[in-house]
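Listed in Swiss-Prot:
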type	residues	note
BINDING	His41, Asp108, Glu119, Ile120	Mn(2+) 1 binding site
BINDING	Glu80, Asp108	Mn(2+) 2 binding site
MOTIF	124-139	motif 'Nuclear localization signal 1 (NLS1)'
MOTIF	184-247	motif 'Nuclear localization signal 2 (NLS2)'
Amino acid sequence: MEDFVRQCFNPMIVELAEKAMKEYGEDLKIETNKFAAICTHLEVCFMYSDFHFIDEQGESIVVELGDPNALLKHRFEIIEGRDRTIAWTVINSICNTTGAEKPKFLPDLYDYKKNRFIEIGVTRREVHIYYLEKANKIKSEKTHIHIFSFTGEEMATKADYTLDEESRARIKTRLFTIRQEMASRGLWDSFRQSERGEETIEERFEITGTMRKLADQSLPPNFSSLENFRAYVDGFEPNGYIEGKLSQMSKEVNARIEPFLKSTPRPLRLPDGPPCSQRSKFLLMDALKLSIEDPSHEGEGIPLYDAIKCMRTFFGWKEPNVVKPHEKGINPNYLLSWKQVLAELQDIENEEKIPRTKNMKKTSQLKWALGENMAPEKVDFDDCKDVGDLKQYDSDEPELRSLASWIQNEFNKACELTDSSWIELDEIGEDAAPIEHIASMRRNYFTAEVSHCRATEYIMKGVYINTALLNASCAAMDDFQLIPMISKCRTKEGRRKTNLYGFIIKGRSHLRNDTDVVNFVSMEFSLTDPRLEPHKWEKYCVLEVGDMLLRSAIGHVSRPMFLYVRTNGTSKIKMKWGMEMRRCLLQSLQQIESMIEAESSVKEKDMTKEFFENKSETWPVGESPKGVEEGSIGKVCRTLLAKSVFNSLYASPQLEGFSAESRKLLLIVQALRDNLEPGTFDLGGLYEAIEECLINDPWVLLNASWFNSFLTHALR
């Protein structure tokens, strides 16, 4: 076949085909049929363009041997056969001068007379099958498709064949000749059978052997073979048909498919009630750190040593008092618990050698705060079979809560940059395989955008707290162990820094099952006055424990330092996921990668560098009542990361349900925006399923509010 190609086609065409195959890493000695197909396609493109000009009056004319001085312009711009970069440059130039819409795939020609790009197809199969494959791949109304076959058939968009009869006949004759030449050399059958369809996502895999038998056996009734069934599915027209089928299924099913129009959807109903309260396992934007720079003390890296060193940096401690009581708790017990921590830390400092861990004395205040002996006694079921009124105890319905502004503020803060770096370059992890250049480049760009982000601080804080708590829960099951809440970072100057946010005291932790709960008391430093948003701190008892001197524009200012204390609980499975919060970095990196991939496939080259370095370009960051908010690519990275981190921090059944159900409505709205004319039945039921998840969770309520903003702007 290779010899035939070199004899049959013009050397320039052969050279271009060789170059194209080389570019795609294909060996023309092996892929000889492909070599022939590329040459044929190139020749048809050149013949399509040959002798066609536009005269001074703008009319299309065919000139085979005309006056060389005539002012004629080539009617067709040939794009096929050019180097990819040059081809895209030509296309950009055409689009800029003519206003034509830029195609997503490289077309073959541009017609200056009819102002449209043309995709030429040469097929050894049925023209209409190949035409549909091309149309399906291109998915553009603007690119004109013209298909030729080796049997003299042709097919073009809207039966508009662009060229005159004679020019097309010349192409068909040439194709017929190539076929005859191949047949006479015994090459045609192999060439004809080697054609594969346009490689789109819907590529068909050949199913053979056992799998084929299983496929044929598992078809719905009335289908004799897999091909038969595939043909039916491909030609299936859904509208109207589903309703009929549903009504046959059951007398009770009465599904009318209603068209989903811009006026159809209503906003989600958010619950009324008192404002929602903070429910994260540790403070977020309100946290305060006591820090040491360049730690080099004895025992550096041992949490208790680090904590004591951080505590020593603060000199403003004072007699603590309750400034915001917990409505349902015994507040003096929280106060006594903090005093006990201070006293026991002081005791440690007085010892000759500081221990690696500290178990608190089991005082009455800690027993109360950690729910010691509060669990109902378990009785074997066999021992109480005969009890007449045996029943599960009643649990109250959760109280409905309304959306409060603090959760949006928390989210905004999580997207912001801090002045410290919270992850090293390798936190996201190397690939198992030798990492490709592009992948590592993307990872490094992404890391640079998010390493200083507050959401990244939350990740490292969450990983540390959950790891320490799970370790202590397994290693000291009966002890009330004191666990410092620590994180590590680097300053702008690259100096190491150790931070103390507060302490946790864990309760008894005989955790047999994944869902068994360990109680803990958290005590966290803050400069936030709880009286400003008391509803946010409903679950906390807040003490004033000191005064902190802060540098400001007018000199040093003294601010009260608060301690946020609460009883909380977690389980093995929750701690396991908390330890894996670094996954949030990976999830948001993958979302950014898919954006880069989409951009790269349009431009047909890797756009990673441009994506991160083009500072002038803005991207949609999110929805607000004002409309779609836009920001830099760094802002997009940090927003996606913050969403992923909040999904982890505020994980709950309400979030699971809301995400799953609202996604269905989102897809319907997207279909409407894409002019796919969606239809729905039981839309009311879908709204019900979404709204039953809107109870009291702050993060879910915020997402529902964002969803409403999206609905408003998407359906304008």
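Cβ coordinates come from backbone N, Cα and C, glycine included.
Here the Cα atom of Ile120 (Mn(2+) 1 binding site) is found 9 Å from that of Glu80 (Mn(2+) 2 binding site). Less than 8 angstroms from the CB of Asp108 (Mn(2+) 1 binding site) sit His41, Cys45, Ile78, Ile79, Glu80, Ile118, Glu119, Ile120, each of them six or more residues away in the same chain. In the predicted structure, the motif 'Nuclear localization signal 2 (NLS2)' (184-247) carries a mean pLDDT of 70. Cβ contacts within 10 Å of His41 (Mn(2+) 1 binding site), excluding its own Cβ and spanning all protein chains shown: 20.
The number of other Cβ atoms within 10 Å of the Cβ belonging to Ile120 (Mn(2+) 1 binding site), over all protein chains shown, comes to 22. There are 23 other Cβ atoms within 10 Å of the Cβ belonging to Glu119 (Mn(2+) 1 binding site). The DSSP secondary structure for Glu119 (Mn(2+) 1 binding site) is strand. When other Cβ atoms within 10 Å of the Cβ of Glu80 (Mn(2+) 2 binding site) are tallied across all protein chains shown, the result is 22. What surrounds the Mn(2+) 1 site, by Cβ distance within 8 Å of the Cβ centroid and not counting His41, Asp108, Glu119, Ile120, is the set Val44, Cys45, Glu80, Pro107, Leu109, Ile118, Gly121, Val122, His146 from the same chain. The helix, strand and coil residue counts that DSSP assigns across the motif 'Nuclear localization signal 1 (NLS1)' (124-139) are 12 helix, 0 strand, 4 coil. In the three-state DSSP reading, His41 (Mn(2+) 1 binding site) counts as helix.
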